[in-house]
Amino acid sequence: MPASPPSVPPRPLEGLRVIIGVCAGIAAYKAAHVVRGLTERGADVRVVPTKASLEFVGISTWEALSHNPVRTSVFEDVDSVAHVRLGQEADAVVVVPATADFMARARMGRADDLLTATLLVTRAPVILAPAMHTEMWEHPATRENVDVLRSRGVRVIEPASGRLTGTDTGVGRLPEPEVIVHYVESVLAAGSRTCDLEGTRVVITAGGTREALDPVRVLTNHSSGKQGAALARAAYVRGASVSLVLAGSHIEPPAGVDVVRVESAKELAAEVRERESSADVLIMAAAVSDFTPEPSRSKIKKKAGESGLTLHLVETEDILRGLVERRQAGERPFVICGFAAETGDEHSSALAHATRKARAKGADLLAFNDVSENAFGADTNALTFLDAAGEIRGATRGTKDEVSHAMLDHVASLLKRERG
Ligand code: CTP
């Protein structure tokens with residue numbers, strides 16, 4: 001029987017209205033890519049630029065990209081009460097870039113232009129993507145404004161580090177547009193979920209390990225790292241402090257997440273060990289190589305008269321099982337989750353393989369996906385959750401952001417049970 005693809009709309013934001021506020025910063029041009037990314041995913045985008053931001057990017061750009069008219073003043077469209085309607089009808093309000101001045105005004109509750117008025121009216125999630133020089137970001141006034149805004153439930157994305165407007169580098173750079181679009185998607189996928197993972201330290205591994213054969217060649221697998229990255233993003237959106245150990249993947253890591261990049265199974269195991277003692281939750285989403293070769297120092301050459309090459313591979317450490325064993329031996333409880341990407345074969349169904357794996361590994365939660373149905377690198381997934389006894393605890397299907405939130409619901413209830 002041919003595999004049926006997950007029934008998920010290709011435009012996950014269809015039917016949702018997103019307001020993009022644009023402030024007067026040089027990064028305003030990057031907001032154009034955010035508008036494009038969100039409209040491509042089906043969102044109905046309304047751009048509300050501040051007057052000063054039009055010095056950087058003009059109205060025509062926003063109207064062309066959003067396919068909607070653009071207003072900046074509360075005195076335009078007065079008959080339709082635009083300054084109230086925009087905020088009331090929004091599913092999310094996103095400000096890209098959010099300048100220090102804008103955050104100060106938002107903190108004070110000013111309503112002196114259409115964007116700040118929209119912020120006061122809306123009850124939808126508000127997301128600010130700040131961009132400014134390091135000194136401005138680190139100034140006590142800005143720190144305090146960010147703290148106050150966050151305490152009111154406003155989501156202020158951590159700015160990235162890197163090249164700023166001049167020749168200087170530091171914290172304060174706008175996260176890449178793709179990262180902001182993914183963040184908005186995850187917030188919308190979270191729906192009514194609150195910051196239930198506030199104060200929780202989550203370590204997630206993702207991607208596929210790469211085992212060197214020689215200085216040129218590697219043994220690896222098809223894992224893209226997207227599911228693990230979506231989990232990291234979802235955990236950050238829900239208030240957790242997140243470390244992502246990313247193996248061999250070139251994806252742009254999520255905003256606000258501490259990322260460490262590794263190559264081999266051995267490096268991944270070492271990074272997990274370093275972090276496990278301070279973690280409340282460990283999620284092994286990485287596709288870890290089960291075997292590794294003794295790498296040759298020089299490039300392996302073809303040999304005359306030999307028609308093949310025999311590789312000797314040795315087993316790598318089973319990191320997930322090791323975590324469960326160390327937890328049993330230790331005193332500190334933490335939640336452990338794994339993944340099982342399976343296919344059926346002549347002996348067993350994919351689910352039967354996963355059930356055996358759940359019992360053998362002993363993780364609190366094992367997320368099984370049938371990889372003959374779900375392509376590697378896809379933006380959607382279908383997961384079945386099994387406990388350590390192999391019992392099915394639930395199932396979910398959707399975008400990788402949606403299934404991540406469903407998985408974190410299980411993690412949140414495991415944490416609650418553990419904390420009594
Ligand atoms: N895993 C791990 N360390 C390994 C191999 C896998 O921690 N050396 C973890 C993966 O991150 C995943 C789970 O174990 O969470 C299941 O991985 P999988 O490759 O499906 O299982 P294996 O134990 O490798 O069994 P097999 O490949 O024989 O199916």
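Cβ atoms are placed via backbone N, Cα and C, with glycine included.
TrEMBL annotations:
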- Asp290, Lys299, Phe339, Lys357, Lys361: CTP binding site (BINDING)
- 17-186: domain 'Flavoprotein' (DOMAIN)
- 197-413: domain 'DNA/pantothenate metabolism flavoprotein C-terminal' (DOMAIN)
- 1-201: region 'Phosphopantothenoylcysteine decarboxylase' (REGION)
- 202-420: region 'Phosphopantothenate--cysteine ligase' (REGION)
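On its own chain, Lys357 (CTP binding site) has Ala340, Glu342, Leu366, Phe368 as residues at least 6 apart in sequence with a Cβ closer than 8 Å to its own Cβ. According to DSSP, Phe339 (CTP binding site) is assigned to a strand segment. In the three-state DSSP reading, Lys357 (CTP binding site) counts as helix.
The binding-site residues under consideration are Lys299, Lys361. Their Cβ neighbour counts within 10 Å are lowest for Lys299. Residue density at Phe339 (CTP binding site): 27 other Cβ atoms are found within 10 A of its Cβ, drawing on all protein chains shown.
Mean pLDDT for the domain 'DNA/pantothenate metabolism flavoprotein C-terminal' (197-413) in this predicted model: 95.
Largest Cα-Cα distance over the residues recorded as binding CTP, namely Asp290, Lys299, Phe339, Lys357, Lys361, equals 37 Å.
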